[in-house]
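First comes the structure, then the notes that go with it.
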Amino acid sequence: MLSTLTLSAAAIACLFSYPTLAAIHERSTATNWKQVATPSDDTSVTLKIGLREQNLDQLEALIYAVSTPGSSEYGRYMEGDQIEELLQPSELSNDAVTSWLQQAGIEQISSDGRWVTFQSDVGTVNQLLETRFNYYEVNGVQKLRTNAYSVPDELVRFVDLIVPTTYFGVSNSMAPVRAPLKPRQAASDLATLANSTCSDLVTPDCLHKMYNIPANYTPSPDSQSKLAFANFLNQSARADDLYKFEDAFGIPRQGFAVEFINGGTQSQTIDYENRDEANLDLQMLMGIAHGLPITSYSTGGAAPIVTDNMYDGSDLTSEAWLEYFSYILSLPNSAIPQVISHSYGDEEQSVPEAYARRVCNQIGQLGLRGVSVLASSGDSGLGGSCESNTGSKAPRFTPIFPASCPYTTAVGGTQAMYPEIGWNASGGGFSDYFAQPPYQAAFVNDYIDSKIQPDTLDYLSQFFNPRGRAYPDLAAHSAYPYIATFSNDYLYPNGGTSASAPIVAAIIGLLNDLRLSRGEPTLGFLNPWLYAKGFEGLGDVVEGSVGGCDGTDLHSGTSVEGAPVIPYGRWNATVGWDPVTGLGRPDFGRMREVLGAL
């Protein structure tokens, strides 16, 4: 509904009698997109203005207070309405933005107190934002966008971002890394072989052994520990595939719940193609944490994404992170699963910084409510595009979002067994948006200062931000051997950090089960605990390395024509934290012992 103005008409008129446009508020480079037409001034357009939230400095302090062992507030989580009241944009911001739009002659305006949505025409919006909207095209797809826009100086303190404006919408989603083998029909001899050796295919029994989870471990039915995973890009987990997975590996049949967000869908037909990711997430969670309720969040829509040089525009969708997290935050604490796994991400530079920060703060709010948010670190090693999208095309290691958000627990990948070593394609590195958080400073600075030769650091520093948020935080099995999953009635060997994240999420769910059964709070935002104490329950991975940016495809080893090359680019696994496997691999038994000392 239309927001009610609380300022006097005279005050508003005084504030915006002569609005002065500030420097450009946001800008993007539309790589690969070609301007093809100019819309008429009467072309309809709908935009949303994100109002700047208040007290974000207090949000960070509160998150660390409830998440850091030794704090008097540790585990004393807040309710959603308390946080919403803390962060609510000021009435002044809502009124000022609404008045600005009204003075421009815009009538169709609505506000929920956080976002002001309005419908107008291109001519009015061009004048309002001192910009020029045009039609851009790539691979036959057209979008109405602009490369930059401005807002009045008087509004800069009120406006966080305006969407969609400079965002062209090319996705860099992560898909499971499937082994180069033909799908095989499920057969008992395959399962028996894998269970007996774990050398051909990693099964749930193998994962239990690898991560020191008792084979007969059963969660308490009364603990209320719950798990969830996100589905984007029309991915759908299939119940019949889950049952085949459970039957093949001796797991009692258990289903899963589905919640739909922003027009999400869920197909159960056998000929549906977009289910590898969703099936992998679900089956990893069920294979380790059977007995805990599991929810699939099926989310439709697309987030605003800035194009980068890796993508040609053939895939024009992306994760609707804001809508997704807004839905979860709207739920009461009792309805939110305490651990949520995400096997999706985009190159950080392809996500507008204001958008990324807004989403990251949403993730932090979940941590403040006792929820652990995990995300895959990616399957592109040092980077996918390996060059900046600012227009200079300068060589650059390209981090992954939301793994780069400091409130996310980023999960990298390992390969092999006994010992596990770092997987060569696992994503890892340093954020260009987010500063190094205090909880990881000692570990990460030790890596930078003592584990990299000074001349090597001098050379590599031109390609990454040594003082950015470093990731991953820990790692789990990704490939070699691949992991057994079922999709459309067939057994497929799958892998990647899309497997690692739900593996770790399931283990955290079991630890929450123990804590809740003892009357203790859930682990919530994991990272302060991991870096302060939890690392004692991990196995350090000291072998392996992460490559990339060498002109070849990390998975096939084939040359990629025109791909940027950064000579000698590599991260090595070493003692302590490293950008390959973080602090190490989980060990359920040891982590349980460490938690017993809290």
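Cβ atoms are placed via backbone N, Cα and C, with glycine included.
What TrEMBL says about this one:
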SIGNAL    1-22  signal peptide
DOMAIN    201-598  domain 'Peptidase S53'
ACT_SITE  GLU277  active site, charge relay system
ACT_SITE  ASP281  active site, charge relay system
ACT_SITE  SER498  active site, charge relay system
BINDING   ASP540, VAL541, GLY576, ASP578  Ca(2+) binding site
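All features noted in TrEMBL, drawn onto the structure.
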residue: GLU277; record: active site, charge relay system; DSSP (3 states): helix
residue: SER498; record: active site, charge relay system; DSSP (3 states): helix
residue: ASP540; record: Ca(2+) binding site; DSSP (3 states): coil
residue: GLY576; record: Ca(2+) binding site; DSSP (3 states): coil
10 Å Cα neighbourhood of SER498 (active site, charge relay system): matching recorded positions from GLU277, ASP540, GLY576: GLU277
Cβ-centroid neighbourhood (8 Å) of the Ca(2+) site, ASP540, VAL541, GLY576, ASP578 excluded: VAL542, ALA573, THR574, VAL575, TRP577, VAL580, THR581, GLY582, LEU583, GLY584
Least Cβ-crowded entry, counting other Cβ within 10 Å, from the recorded positions listed as GLU277, ASP281, ASP578: GLU277
Residues near GLY576 (Ca(2+) binding site) in space but at least six apart in sequence (CB under 8 A): PHE443, ASP446, TYR447, LYS451, ASP540, LEU583
Cα distance (Å, whole number) from GLU277 (active site, charge relay system) to VAL541 (Ca(2+) binding site): 26
For VAL541 (Ca(2+) binding site), the number of other Cβ atoms found within 10 Å of its own Cβ: 25
Least surrounded among the recorded positions, given as SER498, ASP540, when other CB atoms within 10 Å are counted: ASP540
Rounded distance in angstrom between the Cα atoms of ASP578 (Ca(2+) binding site) and ASP281 (active site, charge relay system): 25
